[in-house]
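A short worksheet on the structure shown next.
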Amino acid sequence: MSAGSRMRAPLQEALLPALMALAIAVLVGDLLILTFGQSPGAVYRLLLEGTWGNAYGFGQVLYKATTLTFTGLAFAAAARAGLFNVGAESQLATGGFAAALVALGLPNGTPGILAVPLCLVAAALAGGVVGAIPGWLRARFGASEVIVTIMMNFVVLAALNYVVASHLHVPETLHTPETTVGAMPRLSAMIPAFAGSAANTVLLVALAAAAALWWLLFRTRGGYELRAVGLQPDAAEYGGVRVGRVWIRAMALSGALAGLGGLNYVLGYKHYYEEGFATGSGFLGIAVALVGRNHPLGVVLAALLFATLSQGGLAVNALVPKQMVEVLQAVVILAMATSVPEVQRLLRASARRRSATGEAA
Amino acid sequence: MIVLVFLAQTLRIVIPYLLAAAGGVMSERVGVIALTLEGFMLTGAFTAAVGSYFAGSPWVGLACGLLGGLALSLLYALAAVRFRADQVVVGVALNLLATGVTRFFLRFAFDSSSNSPRVPGFGREHTGSAALGSLLDSLANPLVWIGLVTIPAVAWVLYRTPFGLRARAVGEKPEAATSLGVSVPRVKVLGVALSGMLAGLGGAYLALDQHQFTDGMTAGRGFIALAAVIFGRWDPKRVAAACLLFAAAETFQIQLQGAQLIPSQFVEMIPYVLTIVALAGVVGRATPPAALGRAE
Amino acid sequence: AEPPGSEGLDVGIVFDVGGRGDKSFNDGAYIGAERAAKDLGARIRFIEPGEGSDREAGLRLLAAEGMDLVIGVGFIFTDDLTQLAKEYPNVRFAGVDYAVATDSAGNPVLPPPNLEALKFREEQGSYLVGALAALVGKSKKVGFVGGMDIPLIHKFEAGYRAGVLHVCPDCQVIAQYAGVTPEAFRNPGRGKELALSQYQSGANVIFHASGSTGLGVFEAARATGKLAIGVDADQYSEAPGFILTSMVKGVDAAVYDAIAAVKNGTFRGGILQLGLKENGVGYIYDANNRALIPDAVRARLGTIRDSIVAGYIKVPTER
Amino acid sequence: MALSIRVSGVAKAFGPVQANGDASLEVEAGEIHALVGENGAGKSTLMRMLAGMFAPDAGTIEVAVDGALRDVTGWSTAEAIAAGVGMVHQHFMLVPPLTVAENVVLGRELTKGWALDRKRAVAEVCALSERTGLTVPAERPVSELSVGEAQRVEILKVLYRGAKILILDEPTAVLSPPEVRELWRVLRGLTAGGGTVVLITHKLDEVVEISDTITVMRAGRTVERIRTKDTTPRDIAKAMVGRDVNLALDHLAAPSERGAESVERGADDASALLGASAMESAPRSTLHAPRSGSGPAALVVRDLVVPSARRPNEVDGVSFDVSPGEIFGIAGVEGNGQTELIEAIAGLAQPASGRVALGGQDVGALGVRERADTGLSHVPEDRHRRGLVLDYTVGDNLILGLQHRFTRGASLDAPRIDDNARRQIAAFDIRPADAALPARALSGGNQQKIVVAREMTGRDYRVLLAAQPTRGVDVGAIEFIHAQLRRARDEGKAIVLVSADLAEILALSDRIAVMYRGRFATVLPRGEASAEILGPYMTGAASERVA
Ligand SMILES: Nc1ncnc2c1ncn2[C@@H]1O[C@H](COP(=O)(O)OP(=O)(O)OP(=O)(O)O)[C@@H](O)[C@H]1O
Ligand SMILES: Nc1ncnc2c1ncn2[C@@H]1O[C@H](COP(=O)(O)OP(=O)(O)OP(=O)(O)O)[C@@H](O)[C@H]1O
Ligand SMILES: [Mg+2]
Ligand SMILES: [Mg+2]
């Protein structure tokens, strides 16, 4: 087996399902567009123009991709340890809330060099704690982290709602007061072409987080053990790894990544915590991680894809209703989830056939 | 009197939970995670409203609700059983799909983003406000009866019929079932389809009782039903008890009439917190079917 | 499409989450805009953002295209409109339900000059329907069903409660909320149960401020043969015969007026308080419900209205 | 006589593993046919295809239906059952929460209307149980049964379906001798009634005792078909491994002579470490079979009781010492507690009671890694589940369990990992010699070499636990691994060797224990042991166990 073909197989395995899923989504999209009596070509052109076609639209894509990168990385980090974190939404909200709380609590005029790291740590810690609880329940009691994270979404969001609605909100709104402390600059401050878009320097934190997660997963002992636990818990245990502890750590890491995502809205964009800002980002993060094959680089690319879809939905709003984009996002996830194992099977079967005929020859 | 009021209200609230949770039991007992109950319910609610509206008969609506839930569940079965896709991911996607599709067609069919027109439903109107009246009103709704017999029916199917025996075997040890010539995929598809139909009926109850579909009208009831399945440890009797407990808590909160003894946020958490507590084994170990969530 | 900014009047409207077809204030804005299109020849573009944080993007898209007027429908757009009005001084903005901030001294912070805050005094309208509910209900108990348990909705409750107590000091107001998440605005099943329990405990009239959850309140009214009060738009058609009235906001008129002001060059910016005085809020009294509201009651409401307009009655905004 | 089964040229691959390649089998009606072969030879795979569990990649399978052979290649289990082919699987195919009766009727349920007829099911199971002498509690959940009872349920399941062709995959591995005799009686009754039996077993004495004909498989292929009366266990063994077994054993160096005086001293040292109570319970078997190494015991195990999912005492009070420079062999039929014993010593399983000391240090409270750092090395019996992370590269697998040694700061030290891989691949001739290949892509033998390389030269150790170190591995690799074990012994390591392969145990061990039902049935010095002597202990036929 040549080195080339060895590289090709995993690459095929990574790309083919994504392409298949996209093809299916485009097909379904065409059907939906046609039912509204529009031309698919025109809609797609508008979609691209409104996203990658101008600096503002692209800035918006970057902004949305930032949050999705965090929730995607969060899901991927847990998935690498063999766990499903379906609770990114509440972890994201908690992280954002903690950052806002710290920013509001710091005295006015606290320099960013001090405030930003504090908020960062607060967001990661808060998200991490919310994530670690299901990890601990799994390690200690064998409780399914899927169910616990889903249930915790309801519990945590209701608790945050209670705190904000009864103690912290600005009258007539659903958000906390605005903070001047800890604000992270917009990208437009450096690249004027982005003017107006919400893209901000938290994007750099997201990229750093992706790089850090990559390093952690693939270059450190902790990552070696985490992935071993995800692939073969029995082998990891044999290798001296305490599986339960890795579960807790992985879930805490996952929650921390999601929690950091809260910065994008709270510190980078609005400078306050607002009820419901996390809605939908958690579930989309699952899609992002899935399409990105739980690889940090893949997650970043997939986040861009989903951000494009969701910003593009706004751009094509004149032609088709927003409901179409919701349907399309679900179709992409569904097609992806279905085609990953299928493509894997097909590729392995064909590899076997090839090697069988190769031997015969 | 107050007891009667309490009973009548608990009854109305518990019906969709019972229907969806009964579906959840079927699905999880054949080894397929019932994350999708919410989506099945929402789809069932929508198709029930559409059916009742265009046919002018709530019975057609009921049938359509069942079929709507079935359609989505077959999609779930296709992905999770035929293609062996990951059940959690597919479940999440199907819930998103149900939200999107119902909104899309609500807009498409009725040009509204909030609700359908009024559709025929069950039950009498103008019954006055007497508690007895409202109880009678509920009892005139065939879906209430269907809901009430569902749990015993599911228990009967599960524990007394050949299909139930196979379902339990498939959920616990599919390879054993296979070795005896039982088609595991077929049993799984049937279980998932049943869960879709039952949850769809739960949605139909909501829509027909409300005489219309409104966007997102299930409002998390599918997840409460899933919570009941787990809290009830996958056993129909206990699951029914869990549904009743959750419904009674809701009734209690409603009957308190805004007397803010504890913030409503905390009352809303009850089913979810109880489920987590149950999973932590505080009230006896909650052991799911051994093969739950397994792709093969 | 011809480019905006040329001759003619270009108006962009961004809807709140519910979007078009909500049969409420989004549709009100739509109706006002359509009328402006017909009467004033305005070219209108509509945008419906999805859930989450997409609101600003929609507004900015329109502002960047150089529209003559950009309208955001819903309090949720407040901060975004303020921000954009500063960034685009040549574009005029209007915000339906714009939430005026107050500074630390409690004085309102004026919006930028190119932004018009269309504020409705829902508490005043609620006060009137509260009085109406007490007078018509006659049972010393009236009901209120709110959607999400948040300050915005507390304003309705506060005005309503004050109105009830004004005409019936020993009346009891049962106020309940459908939940603590945005789902609470979309849970008619819960709305119906809340309303049924209120009716059963003796309330004859219930006022709702709860989005589609209120449709469940109407359903309960039908089932028990009692009355409900709609909100935002005239909701009579949702349950004919059971809707005592609706507390309406003149969103359509406000939007139309804003567009007309731009066309006529009279657009001013600032805060436009649309209360009873300005006919920005009110209650429906027409052929449909005339039979439900005795003349004496109507006269009494007229008096109360005048007192509010004259400032004799101060309507609370917080409960 | 007429053929009942004819399999020709069957091939089957699982991913990269070629389980069967050109396998054939002919079984006559009314006979008991034994199918033998080493672990991994492809016996189970072949029989599972016969029973309809999956289809072969190539070849044909024919089964006699109504007296005539019919091509049934690729049929389903349901079709196989309908045609009277039933299989008792090597691993239990029972649904634990269901009752015995429910397990038996599953897939072939008796109904009354739409409902299950549970009464009749119980009655029929009881009747069948009576008729065959296979007694089972029909209404108890299977999860509460003993292994022997569960095995009987498995056979009842097949008989209940009226099987004419009965396939049994290692049915005796978990049975006691009386239970085995009982089984033979049932099988003979079946063939007397015209039924056909295919029996997979590793116990050649059983083969000789019960079978009429024997088919030998090796590496997925059928290598020989013999009449039982024309052969001996030795010939069968030779056919199985493909070379003369005795030759293989003869060239092994006999364990060196060692002074007996060191023995008692070693035991005393260990006992002192573990306290007086350990002293009192010092096993007689230790005295009976003196340690042959020198110096204090490197590994001391006292009264170890280890639970499993099945029972509370899978290991039921085992004590032994191993000296430096000694190979302590543990023979026995699989499933008699060897797995749990080794895992408990390694820290992977939690013992219910008892103690383990390594180099004089009680390690009971230590985790897996700490024990390894104290000087324990472990070649696990299941390389696919435990020993390797199959999706990791060869290089990464070569540091599994040592990952904390290959770090620089927080990160892994890639150059050192590469260097380690290069050296190990060369030293152990791992093929292909590519550290970046996933372990999954290697053949079984080469996968095992990764584990052995890592555990035997990758770290400093005093004690090596080698569990089934050559299972499913080809001859070349076996020789190599055996050489490594001997070299390690000569370097003064203490080695615990667990193997189901008696020849291997006899070839390598200085002292031999036979494990049966969680206890040591005997412990003998190599000089006193032979296959003939050890055999009866393995099956429980002989016992000298002292508590
Ligand atoms: N489902 C499977 N997936 C992958 N590999 C498999 C599977 N079943 C068997 N194998 C592999 O196929 C080969 C033959 O296995 P099989 O179980 O047929 O051997 P066997 O002769 O029954 O061995 P034993 O005596 O240990 O039972 C082994 O290498 C085994 O690991
Ligand atoms: N996924 C794969 N990709 C490439 N080559 C593979 C893959 N799987 C197995 N191989 C190669 O195919 C061959 C067949 O595997 P098999 O287990 O039969 O090996 P083998 O010849 O018995 O080797 P050994 O002597 O080590 O047992 C091996 O040489 C292995 O390296
Ligand atoms: Mg086998
Ligand atoms: Mg091999």
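Any Cβ shown, glycine's included, is placed from N, Cα and C.
Residues 43, 291, 293, 295, 298, 302, 319-321, 324, 327-328, 331-332, 335-336, 339-340, 342-343, 347 of the same chain, all 6+ positions outside the transmembrane segment (A:14-36), place their C-beta atoms under 8 angstroms from a C-beta of that stretch. Taken from TrEMBL, the feature transmembrane segment covers A:14-36 (among others).
The feature transmembrane segment is assigned by TrEMBL to A:56-78 (among others).
The transmembrane segment annotation in TrEMBL covers A:90-107 (among others).
Marked as transmembrane segment by TrEMBL: A:113-134 (among others).
The transmembrane segment annotation in TrEMBL covers A:146-170 (among others). Long-range contacts of the transmembrane segment (A:146-170) within the same chain, counting only residues at least 6 positions beyond its ends with a Cβ under 8 Å from a Cβ of the stretch, are 84-87, 89-91, 93-94, 97, 130, 133-134, 137-138, 176-177, 272-273, 275, 282.
Sequence annotations record features per position, and here TrEMBL assigns transmembrane segment to A:190-217 (among others). Here the transmembrane segment (A:190-217) has long-range neighbours at 55-60, 62-63, 65-66, 69-70, 73, 76-77, 80, 120, 184, 223, 226-227, 253, 257, 260-261, 263-264, 267-269, 295-297, 299-300, meaning same-chain residues at least 6 beyond its ends whose C-beta is under 8 angstroms from one of its own.
Here TrEMBL flags A:246-266 (among others) as transmembrane segment. Outside the transmembrane segment (A:246-266), and at least 6 residues removed from its termini, the chain residues within Cβ reach (under 8 Å) are 63, 66-67, 69-71, 73-75, 77-78, 80-81, 83, 85, 87-88, 91-100, 103, 119-120, 123-136, 138-139, 145, 184, 200, 202-203, 205-206, 209, 213, 216, 222, 225-226, 229, 236, 272-274, 277-278, 281-282, 285.
Positions annotated as transmembrane segment by TrEMBL: A:299-321 (among others).
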Listed stretch, out of A:56-78, A:90-107, A:299-321, that has the most CB pairs under 8 angstroms to the transmembrane segment (A:113-134) = A:90-107
Grab the same-chain neighbours of the transmembrane segment (A:299-321) for me: Cβ-Cβ under 8 Å, and only residues 6 or more beyond its ends, written as numbers and ranges.
-> 18, 32-33, 36, 38, 42-43, 46-52, 57, 60-66, 68-69, 72-73, 76, 206-207, 210, 284, 287-292, 328-329, 332
